[in-house]
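The domain 'Obg' feature in Swiss-Prot is assigned to 1-158. Under the heading domain 'OBG-type G', Swiss-Prot lists 159-329. According to Swiss-Prot, the feature GTP binding site maps to 165-172, 190-194, 212-215, 282-285, 310-312. Residues annotated as Mg(2+) binding site in Swiss-Prot, with sequence analysis given as evidence: S172, T192. Taken from Swiss-Prot, the feature domain 'OCT' applies to 350-428, supported by sequence analysis.
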Amino acid sequence: MFVDQVKIYVKGGDGGNGMVAYRREKYVPKGGPAGGDGGKGADVVFVVEEGLRTLMDFRYQRHFKADRGQHGMSKGQHGRKSEDLLVKVPPGTVVKDEKTGQILADLVTHGQTAVIAKGGRGGRGNSRFATATNPAPEIAENGEPGQERDVILELKVLADVGLVGFPSVGKSTLLSVVSSARPKIAEYHFTTIVPNLGVVETGDNRSFVMADLPGLIEGAHAGVGLGHQFLRHIERTRVIVHVIDMSGLEGRDPYEDYVTINNELKEYNLRLTERPQVVVANKMDMPDAEENLQAFKEKVGDEVKIFPISAVTRQGVRDLLFEVANLIETTPEFPIHEVADESDTSVMYKFDTEGVKFEITRESDGTFVISGYDIEKTFKMTDFSRDESVRRFARQMRGMGIDEALRARGAKDGDIVKILEYEFEFID
């Protein structure tokens, strides 16, 4: 089964917890803090594996959770960083954040990697909090939570040339003639329902990859006839070969077919019209084909170069392949997404903290609910089993302006304040 779009969940590993410990060697006067830091959580890393062709494996495993870092230890020993979780994907995979729609990665070459969910940093041990006024702190941090998100994987096949046209115009037959590919061929519409790839070699030893794409119909740009699934595979091609049935056996007008398909390409993605297009008049071995071709030429004018062929008899196929190979050599690749500067790639992993850093709402029972990335992360990294950590968290809340904001909302002594699933009393 050919699977070209899936939704999965990924989570980076949490950082290891820091430790509260002290030196106890008899030859070390007054000891001192010796709690080590936790190790960094593992990242979820996507890596391109050229042997894969579809996203089929993700239908059976949709959750990927990386390991957390090792906890800190006594004697100042830091926890070990966990090994990254490597997830193999086929070439041509585009990774998109489901919530924001942001393109996280466009993976095309074998061995290419991208960090999709970063692991959290390790929590600091008590040796990190020692000061002149507090030489033996009873405080350590929990590890930072790993990044988690739902992502959409889309596979857009890697091909130099894409065959487009209405169903049953002879695209699959043409691919089978010019390459070793063996797509399914039959006398009914939508015989081809998945892209088929074939390596084409010309008479002068040039080669390129050609994709036979499922037939398009009017409204494909809006998803009619699975149009979105079919059109996405055209985006990576450098040259579009537009195959038109000149026989007239389907009862359609070749010129109307030509206009309709080009409109679908334009409506789906305007940049598709920037690619050079080769118009192929197929089925020229049929009785009325020559007459239909002349009428077609009169309507499109001399600006459109047309290659009359018969995929069955191979008439005109050689000249067509030479023209396609020439266009590939002179046509640069078309980036399908805006690629961020390499120095800015870290931006994709950062939470946008501009503006409001927390939000206070009130439930029907009077409970104040505090939410926001910064406060929730700080809450998760606090070890509430230690009084000193609790006091530090209270200072952090004041530093963020939460206490003042609660008073402005009318909070009084004894009111219930909720962060995540935990409740505590507000003390003014």
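A Cβ is built for glycine as well, from the same backbone N, Cα and C atoms used for every other residue.
Here the structure is a predicted model, which means the values were calculated and not measured.
The most densely surrounded of the binding-site residues K171, K283 is K171 (count of other Cβ atoms within 10 A of its Cβ). For S310 (GTP binding site), the same-chain residues lying six or more positions away in sequence with a CB closer than 8 A to its CB are N282, K283, M284, D285, G316.
According to DSSP, S172 (Mg(2+) binding site) sits within a helical segment. DSSP gives S310 (GTP binding site) a strand state.
A simple Cβ count within 10 Å picks out one of the binding-site residues S168, S172 as the most packed, and that one is S172. The domain 'OCT' (350-428): residue composition by secondary structure is 29 helix, 17 strand, 33 coil, according to DSSP. G165 (GTP binding site) is 11 Å away from S172 (Mg(2+) binding site) when you measure Cα to Cα.
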